[in-house]
Amino acid sequence: MSEMTPREIVSELNKHIIGQDNAKRSVAIALRNRWRRMQLDEELRHEVTPKNILMIGPTGVGKTEIARRLAKLANAPFIKVEATKFTEVGYVGKEVDSIIRDLADSAMKMVRVQAIEKNRYRAEEMAEERILDVLIPPAKNNWGQNEQPQEPSAARQAFRKKLREGQLDDKEIEIDLAAAPMGVEIMSPPGMEEMTSQLQSMFQNLGGQKQKPRKLKIKDAMKLLIEEEAAKLVNPEELKQDAIDAVEQHGIVFIDEIDKICKRGESNGPDVSREGVQRDLLPLVEGCTVSTKHGMVKTDHILFIASGAFQVAKPSDLIPELQGRLPIRVELQALTTDDFERILTEPNASITVQYKALMATEGVTIEFTADGIKRIAQAAWQVNETTENIGARRLHTVLERLVEDISYEASDLNGQSITIDADYVSKHLDALVADEDLSRFIL
């Protein structure tokens, strides 16, 4: 898990997300508290439960982006789900327990990668020996068996040196590799994904591990052999236990669009995809045991972060029990023109940097001037005010419209330089921005 301090986490988030300091601080503290809890003695550690977070803010202000960036920083099992995909237990659709099953699968992949990386050095040595056995086959005795290993011959050592220096990378060899498991595609109804994955595992294990000869360049064979040898050094039972521990102690679940499962008005019939889902989420958030294919997972110490725009519904429309289990409330602010300007220039790999790089592949140089950036930000903000406010996502629409002609003609403009200033932006966008009907459909 991540050992970054809250200040370091916020600093890392600042590289990609503009503004929303309160939300960044809250998730940074929550992430650091995961590490702090693990430093306590076992008895007290069991009593410290995570303080779940509810992020409230209009669409396009950075709620989902915070989750995406947090997933990379956490170095812990992390899953992002949409609340609208689930239905109450007993009805057609996904059950909320599948969140924990998917989280366990994510943890399993993560710990497998870590275990393979841990054994990489030994795996590289073993892969090297297998390639050398193909290049210089070991001597056979009278019964056709490999003789007992002796001191490496001078020829073998010479080939080993060439192999390590990359001199043999493009040489083709034929080598036996583990055959890919038998692929069985099973169409399952919603809610039966767990049974499907178990059936697929059963069919894959029927064939056993078979070797299949393949002709490859040495550099490609080396990669596949390292993976194969590393997988042999990994203990599957230990992996399962490590994955379950990682989920229980460090797991993070991000539930997006939680406002869409709030009850709206009086309803006579069963509300299976709204209030029913909230009731099913309660035991997960409070703490229960969920059965997964890797083992039983306790959810007592999993951190839940929920987010929603709450434009139609209010946080108070959530059922009271769920409100109580999301004690930390963070409000994200709507973005201003200044925020749009910063979004266009400050983040690593900002939208303008992406467009410059894309056009550079055709030999076209694009330059955005300061007044051009300001005019783009103003246009995006103006369209948001007069039509639906979709936050920073509007910048993608406006910029795509702005560089459409350049993108189309880029292959004929090789070697040219184009400056996008306030006049260029006004020429291409003013008519659309001013006409509300046009901007509603085009921008």
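Using the three backbone atoms N, Cα and C, a Cβ is placed for every residue, glycine included.
For the ATP site that Swiss-Prot gives as Ile18, Gly60, Val61, Gly62, Lys63, Thr64, Glu65, Asp256, Glu321, the extra residue drawn from Arg156, Arg164, Arg393, Arg401 is Arg393. Following the DSSP three-state reduction, the secondary structure of Glu321 (ATP binding site) is helix. It is Glu65 that, of the binding-site residues Glu65, Glu321, has its Cβ surrounded by the most other Cβ atoms within 10 Å.
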